[in-house]
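Just below is one structure, and these are the notes that go with it.
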Amino acid sequence: MTLSQELFERGLIEKTTSEELLPKLDQGGLTFYVGFDPTADSLHVGQLAVFNLMALLQAQGHSPVGLMGGATGMIGDPGGKSQERNLLSEAQLQENIQGIAAQIHRFLAFEGGPKARIVNNYDWFKGIGFISFLRDIGKHFSVNQMIQRDSVKSRLEREGAGISYTEFSYMLLQAYDFVVLFQNHGVTLQLGGADQWGNIVSGIDLGRRLGTAPLYGLTLPLITKGDGQKFGKSESGTVWLSPEKTSPYEFYQFFLNQADEDVVRFLKVLTQVPLAEIKELEAQVLAEPHKRAAQKRLAEDLTRRVHGPEALAKVQRASKMLFGEKISDLDEALITQIFKDVPSVQLERARLEAGLPLIDALFEVGAAKSKGEARKLIQQGGAYVNNEPQKELEFLLRPEHLVSVRHLVLRTGKKNYALLEFS
């Protein structure tokens, strides 16, 4: 199977600007770029597909360039937006660029082979005067064509929306990026989401007018879930690649909880798991959906790639604890994430040091409606401390039972957890 065939099989190609591109993809040797809009200090899971495509192309011998929008980020791309963006300060943009650049290093090779590079379009826009840009670049653009682009047209047609001249100009700037990247780095291919088609074509047209070598574009399809919703958000909001914004545990759980109807497609689009293995996992989804083998493979692969093997090992261990494995030695942040939705109570540490009766703890955290019920739970073997059964009616909780600096976990029955916090 050629690379282009694999990319189609994985669902990573929606459109290309020329059929000539496909054999070039198979041969290797191109330099391509993807633009990153620094509107936040982290990328999110919706951008994992383009990273996967970049990594697959690099493995074939193509050279990736990550373009930071240090200049264009001051304006904002109108594509996919229903209203004007809030403009960011230069200081905030720089902070965002640093965060995104660090994440790009997780996915691409910057040493050996066709090395990845990161560049910033502020480096060439800072020296261009407004009059010079209008004279040399603006004259090549037709306003009639620009207002027909989907990103602009949708804003003009939406009542009460409209578009500012600032955002309207974005197309010119991105088109010029393509030309400069060709001139400075030999870039001949731009990748982007489906909403970037108009901007990519504008760059190719500008390159032709300015006499560059042939330029090409490739767009990825919009990733949606089976219910039609846009992929990338959980009930609590956007799922980020930054561990400060979305913890590795929450990240892992997000992918572990993907629906059976979506998981095979996500394995193809978001990971480099071999297609033959994905086919086997698809059969398991149909035959034994309760085992969630495909979801586990998806969650493991992406957590390892985004957060590293140590973080993956930690969240896997934490996940097993919810299925009865002994709970011990957890950090504060992780234990509060795992048990954020269970009943909890804060108690004085002095009570723990003096020996807190398990009967009292079960009652006070709400795991038992009365001390009599707590007593019965213990007698019947239905009370657990850190997932270990306790049948002694006089059992006392002590500091050595803490699983973190301040926490201790109780369980009644198979899955009824409660959290004790001591301060």
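Keep in mind that glycine also has a Cβ here, set from the backbone N, Cα and C atoms.
Here TrEMBL flags Tyr33, Tyr170, Gln174 as L-tyrosine binding site. According to DSSP, Tyr170 (L-tyrosine binding site) is assigned to a helical segment.
Counting residues 6+ beyond its ends, the motif ''KMSKS' region' (230-234) has Cβ neighbours under 8 Å at 44-46, 222-224, 250, 254, 262, 266 in the same chain. Under the heading motif ''KMSKS' region', TrEMBL lists 230-234.
Long-range neighbours of Lys233 (ATP binding site) (same chain, six or more residues apart, CB within less than 8 Å of its CB): Val239. Under DSSP, Lys233 (ATP binding site) is assigned to a strand (E or B) in the three-state scheme. The ATP binding site annotation in TrEMBL covers Lys233.
In terms of DSSP helix, strand and coil, the domain 'RNA-binding S4' (356-418) has 19 helix, 18 strand, 26 coil. Under the heading domain 'RNA-binding S4', TrEMBL lists 356-418.
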Exercise for review: Check the binding-site residues Tyr33, Tyr170 for other C-beta atoms within 10 angstroms of each C-beta and report the one with the most.
Suggested key: Tyr33
Review point. Largest pairwise Cα distance, Å, within the listed L-tyrosine binders Tyr33, Tyr170, Gln174?
Key: 17
